[in-house]
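Q: I'd like to ask you about the structure that follows.
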Amino acid sequence: VGFKAGVKDYRLTYYTPEYQTKDTDILAAFRVTPQPGVPPEEAGXAVAAESSTGTWTTVWTDGLTSLDRYKGRCYDIEPVPGEETQFIAYVAYPLDLFEEGSVTNMFTSIVGNVFGFKALRALRLEDLRIPPAYSKTFQGPPHGIQVERDKLNKYGRPLLGCTIKPKLGLSAKNYGRAVYECLRGGLDFTKDDENVNSQPFMRWRDRFCFCAEALYKAQAETGEIKGHYLNATAGTSEEMMKRAVFARELGVPIVMHDYLTGGFTSNTSLAHYCRDNGLLLHIHRAMHAVIDRQRNHGIHFRVLAKALRMSGGDHIHAGTVVGKLEGEREVTLGFVDLLRDDFIEKDRSRGIYFTQDWVSMPGVLPVASGGIHVWHMPALTEIFGDDSVLQFGGGTLGHPWGNAPGAVANRVALEACVQARNEGRDLAREGNEVIREATKWSPELAAACEVWKEIKFEFD
């Protein structure tokens, strides 16, 4: 009688290879690198314990609850091919451990404490399976892909964007001028850089006003709906909401948020506001590489992408496969599908550890940006398909003739690639030829092709 005090082996309680996972469990795949001498079963069980009900010693209050009902369970361990010291530990968490509709709580539970654990040399969360029973407690993206196309009246092609550069230092009026020139030239969107908030050289309200003026002028002249991602990110959630409200009063179609630096709680509040008030929400992933770049420690971006779809956002940056920032093709396409599709089959070659069923949650448009230019257009059109936003910052504003011709060059290149694809041509093989043909009737594109013909972002 009573309880047996003392330190216990985690694997005795939390390593349960016979466990059959339930449809309502949240499943996690962790890449575990145990300290030398720690068996994988003990390390896997330690992860399950520390990210659910466990603590380092037996406590008498364990007797006041049903551990079997609430504990996380490490139900499978497999070696990582080519890595002697690493294992994939699969952990199942009962749904009752999590607050409904809170990405914040989900992450605090699953990754909050366990990453500093002494028995582990390194730990990486590779994937999460979110059951419909949990995902249904989230609103998800404010509008989603189809509603966005209907709002913008743009179909059958990727959308084109451009980040205004230099990202810091322009006055609000000059900033608005650059926005106007890009939109007038043929882009669908322009974008505040992620670190443009409200600095001494350009306060947020001035920027919002000049950008709204720019996009209305461009709309009137082109007959197309235009948008500028007004960055509402701020030092407090209240200030962020104030900026979003002002954007809505200006009648603009879209605002923006840095969801990792701003935090999931703020992001979810903003997403709810955006749905209630007809604003689209563009999400930038500033700070993601701090979390996801190491191969053996941190959180893979596909998990951050899933979390964003639950928290809410209509666009999110997803790497390029071809530009200046890292991204392996198959893995990138894996999380692009996780953002856009309703149902994604388990496929380890693309890094997808679990079959994910989003049921009817709206999709998110992946945004390709970072060091891309007109010569990349065929590859981007083929890799990302129609449901994407292609963002050329330097690839627009770096045009030798100026911003508007830079925008024209990108729009012509995109239309040429979409037309070629619709005619059944193979963009992977004939892409350069398609662009060259298009230069014949677009001097702007010809000039862009000349400037960027030699650029490569490859570091061997």
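Please read every residue number as a count from 1 along the shown chain.
Backbone N, Cα and C atoms are what each Cβ position is placed from, and that goes for glycine too.
Pulled from Swiss-Prot, these are the listed features:
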- ASN113, THR163, LYS167, ARG285, HIS317, SER369: substrate binding site (BINDING)
- LYS165: active site, proton acceptor (ACT_SITE)
- LYS191, ASP193, GLU194: Mg(2+) binding site (BINDING)
- LYS191: N6-carboxylysine (MOD_RES)
- HIS284: active site, proton acceptor (ACT_SITE)
- LYS324: site 'Transition state stabilizer' (SITE)
Q: Same chain only, sequence gap of 6 or more: which residues have a CB within under 8 Å of the CB of HIS284 (active site, proton acceptor)?
A: GLU194, ASN231, MET256, HIS257, ASP258, TYR259, ILE316, HIS317
Q: Measuring Cα to Cα, tell me the gap between LYS191 (Mg(2+) binding site) and ASN113 (substrate binding site) in whole angstrom.
A: 36
Q: Measure the Cβ-based neighbour count of LYS165 (active site, proton acceptor), defined as the other Cβ atoms within 10 Å of its Cβ.
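A: Around LYS165 (active site, proton acceptor), other Cβ atoms within 10 Å: 16.
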Q: By Cβ count within 10 Å, point out the most packed of the binding-site residues listed: ASN113, SER369.
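A: Neighbour-count leader: SER369.
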Q: Enter the number of other CB atoms within 10 angstroms of the CB of HIS317 (substrate binding site).
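A: There are 22 of them.
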Q: Quick one, of the binding-site residues LYS167, LYS191, which Cβ has the fewest other Cβ within 10 Å?
A: LYS167
Q: When neighbour density is defined as the number of other C-beta atoms within 10 angstroms of a residue's C-beta, which of the binding-site residues THR163, ASP193, GLU194, ARG285 has the lowest density?
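A: Ranked by other Cβ atoms within 10 Å, the binding-site residues THR163, ASP193, GLU194, ARG285 bottom out at ASP193.
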Q: Around the Mg(2+) site recorded as LYS191, ASP193, GLU194, what other same-chain residues have a C-beta within 8 angstroms of the site's C-beta center?
A: THR163, ILE164, LYS167, ASP192, ASN195, VAL196, TYR229, ASN231, MET256, HIS284
Q: Mind computing the max CA-CA distance among ASN113, THR163, LYS167, ARG285, HIS317, SER369, which the record assigns to substrate binding, rounded to whole Å?
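A: It comes out at 37 Å between the most distant Cα atoms.
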Q: Would you list, in sequence order, the binding-site residues among ASN113, ASP193, ARG285, SER369 whose CA lies within 10 Å of the CA of LYS165 (active site, proton acceptor)?
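A: Matched binding-site residues: ASP193, sequence order.
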